[in-house]
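Visitor: Supplied in structure tokens, the structure appears directly below.
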Amino acid sequence: MRPKHSDMMQKDCVRVAVRVRPFNKRERDAGSRCIISMVPSSITIQDPRDPQNRRSFCFDYTYWSHSGFIQDTTGKYLSEDTGGRYADQDTVFQDLGEGILENSLQGYNATLLAYGQTGSGKSYSMMGYGANKGLVPKLCERLFESIKENQDSRRCQVFFSMLEIYNEQVIDLLSRGSRAAGGLRVREEQHRGFYVEGLRTVPCETAQQVEQLTEQGMRTRTTAATHMNANSSRSHMLISLQLKQIFSKESTTKQSNINLVDLAGSERQKLSGSEADRLKEGTAINLSLTTLGNVISALADVAVGKKVVHIPYRESVLTKLLQSALGGNSRTVMIATLSPADICYEESLSTLRYAERAKRIQNRAVVNESPTERLVKELKAENVRLLQRLSRLGQEGRRASDETKELRQLLTHNELQIKAIQTLWEQHLQEALKDLEEQYANITKERRMMQMHPYILNINEDAQLSGVVKLFIQEGEWDVGLSDSSPKSISIKGLGIQEHHAVFRNEQRCVTLTPMARSKVIVNGNTVCQTTVLQHLDRLILGSNCTYLFIGFPSERTGDDWNCYDYDYFQAEVAAAEGIRLAESSPGSNQTDPSLLAVFYDYIKLMPMVTEANQMSQELHKGVEFKLEIKNLALSDSKGHDLKKDIVVRVTTLGNKQVWLWSKAKFINRKFLMEEMYQQHQAAQTEENKSESLCAATFTRDQDPFWDPVEPLLLGTAHLWLQTLAFRIPLEEQLEVLGSEGTEEAILQAQLVPCSSTGFPLSEDDILIDPSELLGRRLDFQLVLEQCCGLRWIREVHNRGVQVGFKLFDCPQPLYTPASWHNINPLLDHRTHFASLQTSQTLLDYLQSSAVVLELWGLQDGCTELTSCLDEMRMTPDSVFIIDKPGPTDQTSLDCELSSSFRVLQRDLEEMKSLNSLLKKENQNLREQFAARNSGRSGRPSCDAEFARALKVFYHSMTSVRGQLQRLRRHRPSEESDMVGLRFFVDEHGRLLRDFSEQLEDCVSKLKQDVAAIVRRKREKSELYM
């Protein structure tokens, strides 16, 4: 059961609501499972890796919007059953919006915070979409309805403002002028607290005016995001409604502020210890959200009685502006939005914990008296006193003309002040109405032009900002770019946009697009360099990432819904042009492999960011190139199972060809730091006309996000299978070292040599037929790395080196060969001796099913070589590495067992000595009998030795068969292949398949023949000697 909204006015603690959204497309494609369950006022989340691990949380409101809904003809989502559990937008508003409205009408400040990861439904709950209006528009509608209902008893004034906080910069979304460099300043005043200096506040009389201003703010937000190269999911949007109620009869005034805050996405890119960034994570981009978490935690501690020395309101712009909402003079509600998918478990759990802390906060809300009305009262009272003094001076008949003159001037000044205060609202309202009339005229003109001309429509990563900007292509020739000097120009600002970027031509009801020299233009995923005819719903990307949808002539529009062409569609199209497509898990399955799906979505998410990073590097003259790669695309573990795939970014300096591999999280962090540097560079050029070299000089190399100290890079791996060791058969192979994406990095010559404890190779007579004979016995072998040939890493840049690393069975640390520099075909000649003192079944299973993974590491000039850490390695005095360590035992119980066994052994020792002499005599007699029986069979060859030799030949043959199979797996057609090329590929693939089949058949046939011959000879000789 939900608490009534009237309960919100009885306590000043923060109220918390949690809402669960439906699966999105990505989660449906991945076959995600719902891990959220809900009962009234309680929500439970289940760990997908451990179904028994469940966490439950209690909140003031819980909303199930995941399932149980239908869409009516207007597009509105409703519960499919009367009284069903589905919570629609109206339900959320009745609980949260009505309570906020009542608080504000009573004169309390009220705040609504929307918190959650990107894509969890914050903006939908706050703003809504289409027919499903969110909290903000519904609250504005109800506010003006309430004002109209009570207009006889009170006079109301409403001021509207809208701002965005990105990277600690405040942007006025209603500003009519150009954006101030560095954003607006946040100042503090004793009575007002923190406020934004110069923020435009617009008086409103109707909800329609607020709606128009919101649209204007969204348009500005879209443009600002493009200009600043910003990501809207990392920005906070704050809408403020200032409500002033003047009660004439009571001669009182109530003034309240309603703050509606759509916070930035709460997700964090996690950096493991091995890939931690030397530069601070997020810098200013995450400062506000991080500080908000610290403030909430501190206030939650205060609420439970802990002593807190400092609450860090002043450490970020957001927390300064929300100081009254958190622990201050406000009644506050937080709505936390969740994804129910198992792939979002960590983020959803983090959001629930955050919301649980927030509900402990207690505020101190009071009814607000308007300082303006108090000032009017004080001025009127002072005027009365002045009039009384003037009257007394007149009655006394004194000649005090100077004093009388001074008093009259003061009286006149006070009257002017009173008049100015009383007329301030009317003046502001007239100015606002004039602006709204101009805006309405522009909207009318825009709608008229939409019915006459083709245009391009902006597509943004944030669906709320898509379709906001429309650029019309009227008849004639139109220049597109940064320049707006010509009346026939369409001004577009953004990263990678040239002064004259492209030309649109609208002639004879045909629109063409012609890119200018050195301008980047992509149409439907493909880069174009020549004039291209545009069709209705073509997708355009100008510069680094200015995405637009082309809307053709009205006659070409057939009612197609352009909403399917979202931001991900654009990026997926570009990825497909680069050869990155979603692959199905099996030919007959419609379900995409979830791991591949996650990699695909990460790839298309990072694609525009990599493009922007390359553009910033170019404009800042950094000489650094970024390229996306799929980590572990063609690599497998020691069992041959595919490794987990992930996205990495290869960073290469164009000068000395130094290379880094950055994880996804590290690159995203660096991308925000690059934006910060780029914005400082732009500000310096705009304000002071400084060169980029002077701007870049403010960053030392250690602070430069484009640079890192060089480190060894994993170039690729090769697998040396260990099965022959179980039979004590030596193995010599030439292994292909495959890179992460399947490229051949080198050829590695390696051997496995079964040997004695002193290191001498075993003979053929030591080959085993049954591997179980090794159990409990010592096994020695050597891993020999002879030579590495054809190193692509060193062929590209000569001043590089390589090392080979490997880790066998239970070795705690990897071992490395010495570094080899400046040689394409280095001679390694590295030999490592391993021994198992008592071979266990676990080791035997490992040898028969696993490979040692040989890692090829690339070294660069200035990086530290890899060294083998021998501290945790067990070794014999002869420097032989011991593997197959016995399992842990309980030392205490072992000592007790040994003590009792020792006493028993002492008693039995004497008996065994006497028994031993008898056994020696009996053993001698048996030897004599055995020698006499086999005196005629000394020339018979050993069938076991023949069988061992046959197995050795078979395993060597299988080595070439395995190599042929690897070649088949890597054999793919070229991306540029035409029909002739594909036919050639099919013929070549067929030939390789026939060769593989013939080799495999010959190998197995030869083994069958050898085994049959051995069995036949053994049977014949057995009959002969019977």
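Cβ coordinates come from backbone N, Cα and C, glycine included.
According to TrEMBL, the record shows the following:
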type	residues	note
DOMAIN	13-361	domain 'Kinesin motor'
BINDING	Gly116, Gln117, Thr118, Gly119, Ser120, Gly121, Lys122, Ser123	ATP binding site
COILED	426-453	coiled coil
COILED	902-929	coiled coil
Visitor: Could you tally the C-beta atoms, other than its own, that fall within 10 angstroms of the C-beta of Thr118 (ATP binding site)?
Guide: 18
Visitor: List, by number or range, the same-chain residues at least 6 past the coiled coil (426-453) whose CB is under 8 A from its CB atoms?
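Guide: For the coiled coil (426-453), the list is 159, 176, 202-205, 209, 212-213, 216, 470, 472-475, 506, 551, 553-554.
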Visitor: Please identify which of Gly116, Gly119, Gly121 has the densest Cβ environment, defined as other Cβ atoms within 10 Å, among these binding-site residues.
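Guide: For the binding-site residues Gly116, Gly119, Gly121, the Cβ with the most other Cβ atoms within 10 Å is Gly116.
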Visitor: Averaged over the coiled coil (426-453), what pLDDT does the predicted model reach?
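Guide: Here the predicted model's pLDDT, averaged over the coiled coil (426-453), is 79.
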Visitor: Would you list, in sequence order, the residues of this chain other than Gly116, Gln117, Thr118, Gly119, Ser120, Gly121, Lys122, Ser123 that have their CB within 8 A of the centroid of the site's CB atoms, where the site is the one recorded for ATP?
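Guide: Surrounding the site, in chain order, are Arg21, Gly265, Thr337, Ser339.
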Visitor: Which one of these binding-site residues has the most other Cβ atoms within 10 Å of its own Cβ: Gln117, Ser120, Ser123?
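Guide: When each Cβ's neighbours within 10 Å are tallied, Ser120 leads.
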Visitor: Using all protein chains in view, find how many other C-beta atoms are within 10 Å of the C-beta of Lys122 (ATP binding site).
Guide: 28
